[in-house]
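Straight from Swiss-Prot, the features:
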COMPBIAS  238-247  compositional bias 'Low complexity'
COMPBIAS  328-343  compositional bias 'Basic residues'
DISULFID  Cys98-Cys178  disulfide bond
MOD_RES   Thr230  phosphothreonine
MOD_RES   Thr428  phosphothreonine
MOD_RES   Ser451  phosphoserine
MOD_RES   Thr455  phosphothreonine
MOD_RES   Ser457  phosphoserine
REGION    225-256  region 'Disordered'
REGION    274-296  region 'Disordered'
REGION    310-351  region 'Disordered'
TOPO_DOM  1-22  topological domain 'Extracellular'
TOPO_DOM  49-62  topological domain 'Cytoplasmic'
TOPO_DOM  85-95  topological domain 'Extracellular'
TOPO_DOM  122-142  topological domain 'Cytoplasmic'
TOPO_DOM  165-185  topological domain 'Extracellular'
TOPO_DOM  210-366  topological domain 'Cytoplasmic'
TOPO_DOM  391-397  topological domain 'Extracellular'
TOPO_DOM  421-460  topological domain 'Cytoplasmic'
TRANSMEM  23-48  transmembrane segment
TRANSMEM  63-84  transmembrane segment
TRANSMEM  96-121  transmembrane segment
TRANSMEM  143-164  transmembrane segment
TRANSMEM  186-209  transmembrane segment
TRANSMEM  367-390  transmembrane segment
TRANSMEM  398-420  transmembrane segment
Amino acid sequence: MNTSAPPAVSPNITVLAPGKGPWQVAFIGITTGLLSLATVTGNLLVLISFKVNTELKTVNNYFLLSLACADLIIGTFSMNLYTTYLLMGHWALGTLACDLWLALDYVASNASVMNLLLISFDRYFSVTRPLSYRAKRTPRRAALMIGLAWLVSFVLWAPAILFWQYLVGERTVLAGQCYIQFLSQPIITFGTAMAAFYLPVTVMCTLYWRIYRETENRARELAALQGSETPGKGGGSSSSSERSQPGAEGSPETPPGRCCRCCRAPRLLQAYSWKEEEEEDEGSMESLTSSEGEEPGSEVVIKMPMVDPEAQAPAKQPPRSSPNTVKRPTRKGRERAGKGQKPRGKEQLAKRKTFSLVKEKKAARTLSAILLAFIVTWTPYNIMVLVSTFCKDCVPETLWELGYWLCYVNSTINPMCYALCNKAFRDTFRLLLLCRWDKRRWRKIPKRPGSVHRTPSRQC
């Protein structure tokens with residue numbers, strides 16, 4: 001993906017001379033053709049994976065989907081047209097095709113860098129303002145932001161590229177060459193490089209550093225929280241949120257109804273509540289919520305240890321319930337049972353924080369891979385842009401060509417970054433490439449910390 005507006009081909013250089021040998025032409029053609037094929041294939045896999053695998057339809061991946069669309073445009077049109085330009089030594093497709101190619105290239109690339117900024121800001125606010133921001137973080141809002149990114153990119157570049165010659169009254173692009181007319185001055189090229197590359201990179205690196213610092217602070221807080229837990233009676237860790245149970249010898253048995261009312265307190269349910277919007281890249285994980293729209297006839301049974309098991313009379317136990325059993329409806333007619341352990345507020349808080357921390361680190365890992373690929377592939381060309389501003393003849397034309405093509409290689413690398421950092425993408429890619437997607441059998445296995453085993457429902 002060109003995550004910066006692709007710089008214009010310098011008007012001061014001559015593209016590959018017609019005298020290039022046949023072996024050089026063959027090498028360039030085969031290499032660039034393979035890169036184009038890999039770019040198109042990789043980004044098509046991203047789009048198809050998003051379509052067929054519902055696990056990937058998360059807010060994070062909407063931004064990756066937009067990047068893949070831009071990369072697909074680059075791999076399909078920009079790479080091949082630029083290769084033709086290089087191999088022929090001149091632009092032979094006419095002025096209209098030249099302007100359309102440049103407009104498409106710049107719009108897609110600028111939209112990509114804006115989407116990368118959106119990902120960075122999304123990660124930053126998700127980490128620093130998890131409650132207020134995630135409540136507003138919906139697929140519809142993500143789609144709106146992506147649409148605005150593309151619209152702004154189109155407005156900034158397309159009219160200027162297509163109509164500049166009519167504004168100034170003449171076309172000054174040299175015959176047989178293809179570059180943006182208003183970028184023919186080095187100082188203007190320098191300004192666009194600063195705005196389109198150096199400024200976004202600075203912002204993204206700053207945001208990533210803040211994300212890293214915040215994630216490390218979360219890890220330290222989690223370690224302190226887990227270290228503060230002390231063993232309690234019944235094998236669980238003690239917590240300030242525990243509720244006392246009358247369990248001394250000779251004390252009357254707690255009525256089941258009273259237990260159910262006590263344990264249905266909102267604070268206890270909150271310990272087992274997971275927001276569906278927190279479901280991210282890996283795995284389709286079922287959320288246990290306290291919504292009112294759940295189906296009757298099924299229930300959650302959470303078994304908690306008695307204070308003194310020997311003091312209880314087995315003969316008085318009802319055959320299908322006990323005082324230490326909590327019920328509440330579920331959606332699918334089965335039960336979740338946590339045997340031998342009482343839900344502890346601090347323990348469940350630690351589990352939620354652990355899950356959130358793992359998710360944040362995974363998203364930050366994907367962002368770091370994309371950002372690193374962007375910097376590595378785009379920095380060489382933009383350094384040459386700065387050098388050429390002060391010394392026009394200091395950069396050989398071969399370096400210009402390699403630097404420009406290296407920017408395109410970013411579109412080839414990005415799908416690899418998604419697969420490297422995201423197991424769901426990786427597995428889907430593998431199954432699609434092996435033509436085995438239809439044979440896959442999904443099994444929903446709870447993966448969240450604190451997930452409890454699902455068994456057939458029973459009544460209290």
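Any Cβ shown, glycine's included, is placed from N, Cα and C.
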Legend entry - In three-state DSSP terms, the structure that Thr428 (phosphothreonine) belongs to: helix
Legend entry - Other C-beta atoms that fall within 10 angstroms of the C-beta of Cys178 (disulfide bond): 24
Inset, instruction - Would you mind listing the long-range same-chain contacts of the transmembrane segment (23-48), meaning Cβ under 8 Å and 6+ residues beyond its ends? - result: 16, 64-65, 68-69, 71-72, 74-76, 79-80, 83, 86-87, 405, 408-409, 411-412, 414-416, 418, 425, 428-429, 432-433
Legend entry - Mean of pLDDT values spanning the topological domain 'Extracellular' (165-185): 89
Legend entry - Criterion met for the transmembrane segment (186-209) and the transmembrane segment (96-121) (at least three Cβ pairs under 8 Å): yes
Inset, instruction - Look over the recorded stretches 63-84, 96-121, 143-164 and say which has the most C-beta pairs under 8 A to the transmembrane segment (367-390). - result: 96-121
Legend entry - Assigned element (helix, strand, coil) containing Cys98 (disulfide bond), judged by DSSP: helix
